[in-house]
Amino acid sequence: MDASDGHESDPSAKKSGKTSLLDSGEDFEVLDEEDIDDDLPPLEDAGGGDGDKAENEEKKNADEESEASEQLDEWLDVLGNDQLKKKVLEAGKGRGSRPQKGQNVEINLKTSLMDGTLVEEQHNLPFTLGDGDITQALDLTVQLMEMGEKALIHTDAKYAYGARGSLEPEVPPNTPLSLEVELLEATDAPDVELMLPSQRIALAIRKRERGNVHYQRADYAFAVNSYSIALQITDSNSKVDISPEEEEELLDVKVKCLNNMAASQLKLDHYDAALKSCVSALAHQPDNIKALFRMGKVLALQGEYTEAIQTLRKALKLEPSNKTIHAELSKLVKKHSEQRGAEQAMYKKMLGNPTSSSGIQKSRAKSSWGLSWKWLFGATAVAIGGVALSVVIAARN
């Protein structure tokens, strides 16, 4: 690993902050055309005057207040497993103000242990919803919050800092947490193609570094997701001018992401995907030692020992002092030799005793070859003698 080194929603709904009837979750009935009365009653008999309208508005407000009151008193079991629960402390601006996946949000966050011990307090904390930039507990629950809402979240360690805990903030392993969250803002993410090159580079690096955090915590699937997002940023077309130096920097970030993604895919036993990542990295930097090393490991795991040894030898030639490559290559050569010995023993067992039969065949071939030479030599001598005799007779005549 280099230490330095989503989402379906209606676009119009994102921009307006409103949801359509189909998204609201309300039940409604579709009427047939025959059920629609074309003859409207006179205005005075149609109802729906100002008095009724005000009455309906009051009823709607009362219903909303009742629903908010019920929400304030209840815990929501977010995943249905009693390991991630959310409770509204202060109601927000309504369901239509909930943020969408892919939006940039800002929250105030107070993190505590379940006994009330304060761990960390953060103000105006920004992240992209659904990108894995934050703990799973927040990524899942902030989507259910309304703008301006304050909520209390109780999360199992599984959706917080897991079995490894955290050094920053300081959270012991396997520790459930209590989170107080206030949703401050939600805005659409900027168009990557219109971002300045320096902004694209900084964003890609942040996503890659988040992937590194996931990798260090052994959350390899989340690491792959973060690296994929970073690669999407580096691969996006730019509608603004970009210098050769900035292009080179973007390419460097891309290769680091590909290398780290290959490492994560190896941990997940996704060998074909890891090999593809290595090939992509080497297409940009053919002498990248990390890509060569990981490609050699993938090939070895796939049983392609000859190609794996060649790849690792190339990496070792580029960095002869690398002890890790030395060790991996030695181990692989030994394993390949043992495999070949096992294969030869298996072939001998299948064919009986190939050594003795091959010896008989060789001796027979040798003896027949010797007879052939003797016959050829005698025939040649006879022919030469005949020719000489003919010459002598001709000379006397």
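One is the number of the first residue shown, and numbering goes on along the chain from there.
The backbone N, Cα and C atoms fix where each Cβ goes, and this holds for glycine too.
Note that the structure is predicted; figures quoted are calculated from it, not measured.
Feature annotations, reproduced from TrEMBL:
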- 1-13: compositional bias 'Basic and acidic residues' (COMPBIAS)
- 24-42: compositional bias 'Acidic residues' (COMPBIAS)
- 50-63: compositional bias 'Basic and acidic residues' (COMPBIAS)
- 102-187: domain 'PPIase FKBP-type' (DOMAIN)
- 1-70: region 'Disordered' (REGION)
- 289-322: repeat 'TPR' (REPEAT)
- 373-395: transmembrane segment (TRANSMEM)
In the same chain, residues at least 6 away from the ends of the repeat 'TPR' (289-322) whose Cβ sits under 8 Å of its Cβ atoms read 2, 255, 258-259, 262-263, 266, 271, 274-275, 278-279, 281-282, 328-329, 332-333, 335-336, 339
Quick one: DSSP breakdown of the repeat 'TPR' (289-322) into helix, strand and coil?
27 helix, 0 strand, 7 coil
